[in-house]
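A.B. asks: Quick one: the structure is below, and I'll ask about it shortly.
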Amino acid sequence: MSSPQSSVMLKDHPASDNETTITTTPAPADAEKAPVTTASAPSLPPPPPNGGTLAWLQVLGAFFLNFNTWGLLNTFGIFQAEYSTTILPTTSSSAISWVGSLQAFLMLFVCVLCGRLLDAGYFYLDITIGIFLSVFGMMMTSLATSYYQILLAQGIAVGIGAGMAFIPSIQIVGTYFSTRRSTAMGLAATGSSIGGIVYPIALKQLIPKIGFPWAVRTMAFLMLGTFLISLSVMKPRAGLPPRKSGPLINTAALKDPAFAMWLLAVFFTFIGLYIPFFYVEKYALHIGLSPDLAFYMLIVMNAGSVPGRIAPSIIADKIGNLSVMIPAVLLSGIISLAWIKAETEGGLIAAALFLGLASGSIQAVLPANVPALCPDLSMLGTNLGMTMFASGLGLLIGSPVAGAILDRQTTAGGPEVYWGALTFAGITVIVGSVLLVVVRVIKVGFAVVKA
């Protein structure tokens, strides 16, 4: 008796263009009867569109998320100066900087949890709660009159809300682009630079006219309006099945030497990267600049980061994200060290402008490195969350340590001494650049290739 034979037919599944059904049909009538079996092969997600109206609307929505999260954080130098001179004049610089550091840390720490939420399909829940907490926290900040109230409102409530609102800006955009991912993320990241320009100017103009409380409330209303634009246009990409179960931490990625070294590099980079942003206005007053000009030093830094977020992102699509990020981190560290000698108006403007340019490049290409190091898009939210946690831990440590160094080096009643804090900032950032070189060597060796 002849052995049974079967033929295999491939046909498109009626419910999807991306699924293929394999059907095994029985042999001819004279052969042995065999059961008819049908098996569906696992379907791969469709490729990212890399353009189109819906994809670019995600970039627009992400722009306003960055505007209200990193843009607000980039404004903290104004709050630092306002708190230390008006609201909390007897509180140390180190203690006040804890407000901004805690806000930054929580913003990035909750990305671990929220990245997992996004992977599981809870985008709208995450972003809605994030918007509410961010706006509510700023409203409560406008009512705060003591240190602990400011810490709770701006440090904790805004920090958690900003984290929940920020992570979709990179996770959602990252799924809509592959070949143009760095460019898209760079354009979205310019929102933080624009926010860092708009919000300080708004505070500067409003505080003398309506007072600090109503100036902050006006900021909160502006945040609400622009947040709602993001909520209305952003949408998780269709065709990517949610990952309902799984750990908060991608342990497999931690076992990858390149990704583990990447987390360490990000940690050291962010220890020192934001110290100049938090202290630039106070430093400007220290070297004798007028209060008006000192205020605009933070604007100069944020303005410098606008081209720093766009041009390097376009270049990164050609030569690779690490190839752009390494020199940007190294340059940021060098400028922080050179800042010690910026004792004139022109010198400080140059330092602020170039540090803004370099730091903007870092922020623009940092998220795009994650899918390049860990290509599994189903784990993108989790891997981004781990990266944000590493950077947040660095932010939590950096500014308070710099503030403690500043307080220790400054004698009672004497001029402030900044060289120790700036040296600490520069060295930690340079260490981060060295570790990024190690990441690149692990991935591609010493070859001159895109990485």
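Yeah, the Cβs are placed from backbone N, Cα and C, and that goes for glycine too.
Remember, predicted model here, so these are calculated numbers, not experimental data.
What TrEMBL records for this protein is below:
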type	residues	note
DOMAIN	54-444	domain 'Major facilitator superfamily (MFS) profile'
REGION	1-45	region 'Disordered'
TRANSMEM	54-74	transmembrane segment
TRANSMEM	95-118	transmembrane segment
TRANSMEM	124-144	transmembrane segment
TRANSMEM	156-177	transmembrane segment
TRANSMEM	183-202	transmembrane segment
TRANSMEM	214-234	transmembrane segment
TRANSMEM	259-281	transmembrane segment
TRANSMEM	293-316	transmembrane segment
TRANSMEM	322-340	transmembrane segment
TRANSMEM	347-366	transmembrane segment
TRANSMEM	386-406	transmembrane segment
TRANSMEM	418-442	transmembrane segment
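Can you tell me where each of these features sits in the structure?
C.D. replies: For the transmembrane segment (54-74), the residues of the chain that approach it from at least six positions outside its boundaries are 48, 100, 103-104, 107, 127, 134, 138, 158, 162-163, 165-166, 168-170, 172-173, 176-177, 184-185, 187-196, 198-199, 219, 223, 226-227, 229-235, 274, 277, 298, 301-302, 363, judged by C-beta separation under 8 angstroms.
Long-range neighbours of the transmembrane segment (183-202) within the same chain, counting only residues 6 or more positions beyond its ends whose Cβ lies under 8 Å from a Cβ of the stretch, are 55-56, 58-59, 62-75, 77-78, 169-170, 173-174, 176-177, 215, 218-219, 222, 295, 298-299, 301-303, 305-306, 308-310, 312-314, 316-317, 356, 360, 363-365, 367-368.
Residues of the same chain lying 6 or more positions beyond the ends of the transmembrane segment (214-234) and with a Cβ under 8 Å from any Cβ of it are 57-58, 60-62, 64-65, 67-68, 72, 123-124, 127-128, 131, 134-135, 138-139, 141-142, 165, 168-169, 172, 199, 202-203, 206-207.
Outside the transmembrane segment (259-281) by six or more residues, the chain places 73-74, 76-78, 80-81, 93, 97, 100, 104, 253, 294-295, 297-298, 301, 329, 332-333, 336, 339, 352, 355, 359, 362, 366, 369, 373-374, 383, 386-387, 390-395, 397-399, 401-402, 406, 418, 421-422, 424-429, 431-433, 435-436, 438-439, 442 with a CB less than 8 A from a CB of the stretch.
With a threshold of 8 Å between CB atoms, the same-chain residues lying at least 6 positions outside the transmembrane segment (293-316) that come near it are 74-75, 77-78, 81, 182-183, 185-187, 189-190, 192-194, 196-197, 200-201, 204, 276-277, 280-285, 323-325, 328, 345, 348-349, 352-361, 363-365, 368.
Using a Cβ-Cβ cut-off under 8 Å and counting only residues 6 or more beyond its ends in the same chain, the transmembrane segment (322-340) has close neighbours at 269, 272-273, 275-276, 283, 308, 312-313, 315-316, 348, 351, 354-355, 358-359, 361-362, 365-366, 369, 372, 418-419, 422-423, 425-430, 432-433, 436-437, 439-440, 443, 450-451.
Long-range contacts of the transmembrane segment (347-366) within the same chain: residues 70, 182, 185-186, 189, 192-193, 266, 269, 273, 276-277, 280, 283-284, 287, 289, 297-298, 300-310, 312-313, 316, 321, 324-325, 328-329, 331-332, 335-336, 338-339, 341, 387, 391, each at least 6 residues beyond the stretch ends and with a Cβ under 8 Å from a Cβ of the stretch.
If one looks beyond the transmembrane segment (418-442) by at least 6 residues along the same chain, the residues whose Cβ comes under 8 Å of a Cβ in the stretch are 257-258, 261-262, 264-273, 275-276, 279, 283, 286, 322-323, 325-327, 329-330, 332-337, 339-340, 373, 394, 398, 401-403, 405-406, 408-409, 451.
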A.B. asks: Who are the long-range neighbours of the transmembrane segment (95-118) in its own chain, taking Cβ under 8 Å and residues 6 or more past its ends?
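C.D. replies: Same-chain residues near the transmembrane segment (95-118) but 6 or more away: 69, 73, 76, 79-80, 83-84, 88, 125-126, 130, 147, 150-151, 154-156, 158-160, 162-164, 166-168, 171-172, 236, 246, 248-249, 274, 278, 380-386, 388-389, 391-393, 395-400, 402-403.
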A.B. asks: Cβ under 8 Å to the transmembrane segment (386-406), counting only same-chain residues 6 or more beyond its ends: which ones?
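C.D. replies: Distant contacts of the transmembrane segment (386-406): 92-98, 100-102, 104-109, 111-112, 115, 163, 166-167, 249-250, 253-254, 262-264, 266-275, 278-279, 366-367, 370, 416-418, 420-421, 424-425, 428.
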